[in-house]
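Visitor: Shown below is the structure under consideration.
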Amino acid sequence: MDQKLSQLIEELTTSGESQLNAQKMKELKKICKSSEEQLSHAYRLLMTQLTQDHAEIRLSAFQIVDELFTRSHQFRVLLVSDFQEFLELTLGTDNDHPLPPPREAAQRLRQAAMQAVEGWNEKFGEAYKKLALGYHFLKHTKKVDFRDINVRTLAERKREEEKQKHLDKIHRESADRAKREMEEMSDEIGCCLTEVENCFRLLVPLDLGPYREDKFFGEASGIAEDHAPCAWSPDLATPRGSGLSGPQDEEQPCCSKDLVASAHHAGSAVGLKAPAPAATEDPCRDEDRHSEHSDPEDFLRSHGLGSHKYTLDVELPSDGLKVQENEDNLAVLHAARDSLKLIQNKFLPAVCSWVQRFTRAGIYSGHLKQAIDLKMELELALKKYEELNIEPGRGQRSRTEALEDSEEEDQDFVEVPEKEGYEPRIPDHLRAEYGLEPKAPLKTLEKHTAVCSVQERTRRRREEEASDPTSAAAQMLRLQDCLSSPSSSSTRGPLGPEEAQKQAERARAPMVPFGVDLCYWGQEQLTAGKILKSDSQHRFWKPHEVEEEVDSAHVSEMLHSRHITFSGKFEPVQHKCRALRPNGRLCERQDRLKCPFHGKIIPRDDKGQPLNPEDRAREQRQQLQQQRAHPDWQDPEFMKDVEAATGVDLGSSKYSKKGKGKKKKHPNLTDLRERANTARARLEKKVFAKGAVQRVVAAMNQMDQKKHEKFANQFNYALK
């Protein structure tokens, strides 16, 4: 009975489900009703499960406790006697021992425990004094708010307040840094915006009044939308309040002031609404401007108009404003693009970051407004550039790129003085003096040049390499001459079978050039690779024991080893193993000669059977040997069925063909060892990996060794 009770409690608490199994819970209640000893035993088992470091186990155990608490007086007496420990395990009232993970299950456990304790106090508080005292302790000492949805204790609220203060401090420091950055970069941003606006004025020289820098793009877009023809009449061109009419005999030259004023009248004629002059404008200047163009004939003459008898219709394109890139505005466009690139890549992200920092901190409202204004100005500059619709010239870009490429090519060349006595072309009658062959006729050269050019270059390169005594080709030629001369000069009789076999093996053996490793072959004590130290005769800095010879391990290793570069051609493996696996699939490994699981790779059909009869017979023999080694009664599946029927362990796990993977004890519970896939966890996995730590330790040791070697003779550093 005790074994059955412990098994039921273990299964119920380790199920990992939010609700208990009703059938098993019914069996547990039945066992607890049988005797008080079983009830006490169940209480001890439940308290043991409540001490587990897993919130899901504690939650299931608490649900069982709640069921038994409402039904048994004996269980209530046992629980109230250990009520403080129960509160620490279910509510986490002890600050030093909070509830274990997972966090969601711990939160549900705390909420369920608070509701249960409050209900127990209302129902059984008068009969059980310790229960009422525990409720009073939670409410008044631990400051637990039973109406709080999150059911937080005083310690938890303090922790959250400290966490919030820490976040506020971080946001405040970030806002302070943003304030300093803003004070440093505001002037630079203003200069960049001014440069962009000046470039825009040079590209689109519209004059629409005193506020043209703020409205010329908006006015131009408004004109493009209302592309109706506007009639121009001399009445519109006549200044208001002039009161003068009739021709004027004197011809006055057109000056810059006339052009500016005329531009104002032309803008009003085509429908551009220029804003009214400011109230603070000087009235004397206004009177002078009206008096200068009081005569309509002078106005017509300055604009190239003949008479008042015709009208002008001005049609604006509907596709908006366009700027054509040419040689005149190329420098301005380059300057504007550089400034806009600086705005887009540096200033605008920085300003957006300032706005976010000031918003999170909730302070520096003036700086926040200034940052928002800067952001709007930067975005407006980018929008203006998009509205320009700059069309690159046809040949402008190609000419610019060609000019830059030519400048780079000129910079790559280095001026070298001409060699004295150098003749770029040798005459035909002097070729014999230089040891050159006479030139072939032109027809012969034209005939054979295309065929023999590659072969001739290859042959000349080989001859040049062979002529150099320090090259590998010259060494190979010398070795070939040495090997061929004794074989050609010596005349031997017929060779015996052993000598013939040795000669055949020598012929098949690869030729290895002579090296340092062959020079010291078989020598145990090498004379080379030793460092000889000269004996010093000074009596002060001479050590007591002097090693006259020091062996260098690196040099000794070089004398015994040789690095040979593979000069062959890599051929990828095309075939597969295709052996039949236990799951019915074919092995897809692409080893060259031997599969590590199925042995030598042989040709097989689509079912994994060998195509060669010899291989098929060999595999059948191997299968028979395996069957003899493992009888049929040792089949893992058969043994598992017998174990399930009899309840006796026959050792089926020992004969199982599966790997020795560690089986989880409670697979339904959340694995606490599996960490959340967060950025911090991934960084910790990489930074604190065993290999990374070893590399860091090796680098630090190397730094210390270098420092020691550099300052070992100085007592000031040697003592540190």
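Quick reminder: no glycine exception, Cβ is built from N, Cα and C everywhere.
The shown structure was predicted, so the numbers you read here are calculated from the model rather than taken from an experiment.
Okay, so Swiss-Prot annotates it like this:
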REGION    2-145  region 'VHS-like'
COILED    169-198  coiled coil
REGION    234-253  region 'Disordered'
REGION    269-304  region 'Disordered'
COMPBIAS  282-301  compositional bias 'Basic and acidic residues'
MOD_RES   Ser294  phosphoserine
REGION    392-415  region 'Disordered'
COMPBIAS  403-415  compositional bias 'Acidic residues'
MOD_RES   Ser406  phosphoserine
CROSSLNK  Lys419  ubiquitin cross-link
REGION    451-507  region 'Disordered'
ZN_FING   574-601  zinc finger
BINDING   Cys577, Cys587, Cys595, His598  Zn(2+) binding site
REGION    598-637  region 'Disordered'
COMPBIAS  602-621  compositional bias 'Basic and acidic residues'
REGION    649-669  region 'Disordered'
COMPBIAS  655-667  compositional bias 'Basic residues'
Visitor: Please give the sequence-distant neighbours of the compositional bias 'Basic and acidic residues' (602-621): residues at least 6 beyond its ends with Cβ less than 8 Å from one of its Cβ atoms.
Guide: 578-580, 586
Visitor: Please classify the secondary structure at Cys595 (Zn(2+) binding site) using three-state DSSP.
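Guide: Assignment for Cys595 (Zn(2+) binding site) reads strand.
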Visitor: Per DSSP, how many helix, strand and coil residues does the zinc finger (574-601) have?
Guide: 0 helix, 6 strand, 22 coil
Visitor: Kindly state the mean pLDDT of the coiled coil (169-198) in the predicted structure.
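Guide: PLDDT averaged over the stretch: 90.
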Visitor: Pick out which of the binding-site residues Cys577, Cys587, Cys595 has the most other Cβ atoms within 10 Å of its own Cβ.
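Guide: Max Cβ neighbours within 10 Å, all protein chains included: Cys577.
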Visitor: Going along the chain, which residues six or more apart from His598 (Zn(2+) binding site) have their CB under 8 A from its CB?
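Guide: Same-chain residues close to His598 (Zn(2+) binding site) (Cβ under 8 Å, separated by 6 or more) are Cys577, Ala579, Cys587.
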Visitor: Reported in the order helix, strand, coil, what are the DSSP residue counts of the compositional bias 'Basic and acidic residues' (602-621)?
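Guide: Taking each residue of the compositional bias 'Basic and acidic residues' (602-621) in turn, the totals are 9 helix, 2 strand, 9 coil.
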Visitor: Quick check: which same-chain residues outside Cys577, Cys587, Cys595, His598 lie with their CB within 8 A of the centre of the Zn(2+) site CB atoms?
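Guide: What remains near the Cβ centre is Lys576, Arg578, Ala579, Arg589, Asp591, Phe597, Gly599, Ile601.
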Visitor: By DSSP assignment, list the helix, strand and coil residue numbers for the region 'VHS-like' (2-145), in that order.
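Guide: Counts, helix then strand then coil: 108 helix, 0 strand, 36 coil.
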